[in-house]
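**Q** The signal peptide annotation in TrEMBL covers 1-22. TrEMBL lists 22-318 with the feature domain 'Plant heme peroxidase family profile'. Residues annotated as disulfide bond in TrEMBL: CYS32-CYS111, CYS65-CYS70, CYS117-CYS314, CYS195-CYS227. Per TrEMBL, the feature site 'Transition state stabilizer' maps to ARG59. Annotated active site, proton acceptor per TrEMBL: HIS63, in sequence order. Look at TrEMBL and you will find ASP64, GLY69, ASP71, SER73, GLU85 tagged as Ca(2+) 1 binding site. According to TrEMBL, the feature substrate binding site maps to PRO158. Residues or ranges marked as heme b binding site in TrEMBL: HIS188. The Ca(2+) 2 binding site annotation in TrEMBL covers THR189, ASP241, ASP248.
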Amino acid sequence: MAGIATVMMLITTMHLASLVRALNVNYYENTCPHVDSIVAASVHKATMNDKTVPAALLRMHFHDCFIRGCDASVLLESKGKTVAEKDGPPNISLHAFYVIDNAKKALEEVCPGVVSCADILALAARDAVTLSGGPTWDVPKGRKDGRISMATETRQLPAPTFNISQLQQSFSQRGLSLEDLVALSGGHTLGFAHCSSFQNRIHRFSPKQDIDPSMKASFGSRLRSICPSHNKVKNAGSSLDSSSTLFDNAYYKLLLQGESIFSSDEALLTHPTTKALVSKFAYSQEEFERAFVKSMIKMSSITNAEQQQIRLDCKFVT
């Protein structure tokens with residue numbers, strides 16, 4: 001079985017490598033040369049009105065890429081008896097879809113039928129990071145849009161309760177390494193977590209302990225005050241780090257101090273390789289940003305053979 005797993009990993013890695021070569025930062029140079037600036041304008045306008053937009057777009061891109069590759073299937077609406085990804089349990093809290101819709105509308109006026117929704121989402125995720133004070137990078141383009149979106153497949157997304165073995169398996173199945181895991185987890189520097197995603201760490205953690213002992217006691221108590229055991233406040237929760245609208249390395253510093261939110265965050269300290277990377281990124285924001293850009297380009301290049309069209313409307317198969 002180990003041999004089969006190795007072969008499958010090799011195939012996945014080879015497929016990813018071939019796709020990276022197929023995508024091109026200049027893909028729209030002759031057909032839609034202003035695509036980057038048009039998408040950036042839509043993201044900027046939305047962010048000026050709502051500071052939660054960058055975190056939402058980054059999370060949306062991640063959730064898209066981990067199901068059927070980066071094919072914009074997360075944008076599709078449910079239809080009839082077919083429940084789409086965006087209505088799957090892990091995606092219920094996704095928002096800011098209108099930003100992609102607005103960018104698509106603007107692009108259709110200038111270059112109709114040219115730019116894929118998948119490329120728009122990849123560009124928007126990059127712009128979200130940059131507008132939050134993080135790095136910028138050239139996004140390879142040329143993705144096609146998928147036609148299939150099923151809520152049942154969202155169970156493949158890595159859960160906030162995952163341990164390091166589960167995380168490693170989830171990422172490796174997509175051709176991503178342990179370094180990619182730690183670097184992309186740094187995306188938690190932006191955003192918010194609802195109580196339900198970390199209740200397991202602050203209530204009845206074990207028969208003998210209410211709070212996860214790896215969590216700083218005062219931090220655990222603060223989270224319990226926000227999220228009581230029978231919480232009835234729909235949107236109660238906590239920021240993922242102390243500067244939730246600023247892209248920085250505070251997430252890693254807090255992780256080392258016992259102030260991480262998810263079990264999957266804390267899990268990064270249970271493996272020597274990932275723990276060393278956490279320390280490295282906590283010490284140097286420059287190292288974190290360099291690794292994050294590399295891993296984002298790698299993740300946003302995941303694809304599958306079913307990407308086969310340019311959708312004229314990102315919400316529907318046309």
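From the backbone N, Cα and C atoms, a Cβ is placed for every residue, glycine too.
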**Q** Where does the mean pLDDT land for the domain 'Plant heme peroxidase family profile' (22-318)?
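**A** When the pLDDT values over the domain 'Plant heme peroxidase family profile' (22-318) are averaged, the result is 95.
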**Q** I want the residues beyond ASP64, GLY69, ASP71, SER73, GLU85 whose C-beta is within 8 angstroms of the mean position of the Ca(2+) 1 site's C-beta atoms, in chain order.
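**A** Output for this site, in sequence order: CYS65, ILE67, ARG68, CYS70, ALA72, VAL74, ALA118, GLY146, SER149.
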**Q** For the disulfide-bonded residues CYS65, CYS70, CYS111, CYS195, which one has its C-beta crowded by the most other C-beta atoms within 10 angstroms?
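**A** The residue with the most neighbouring Cβ atoms within 10 Å is CYS70.
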**Q** Around the Ca(2+) 2 site (THR189, ASP241, ASP248), what further same-chain residues have their C-beta within 8 angstroms of the site's C-beta centre?
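**A** Everything else in range on the chain: GLY186, HIS188, LEU190, LEU240, SER242, SER243, SER244, LEU246, PHE247, ASN249, ALA250, TYR251.
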**Q** Looking at the recorded positions CYS111, HIS188, ASP248, whose Cα is closest in space to that of ASP64 (Ca(2+) 1 binding site)?
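**A** Nearest listed residue in space: HIS188.
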**Q** About how far apart, in whole Å, are the alpha carbons (Cα) of GLU85 (Ca(2+) 1 binding site) and the residue listed as 'heme b binding site'?
**A** 21
**Q** Here are the disulfide-bonded residues: CYS32, CYS117, CYS227. Which has the lowest count of other Cβ atoms within 10 Å?
**A** CYS32
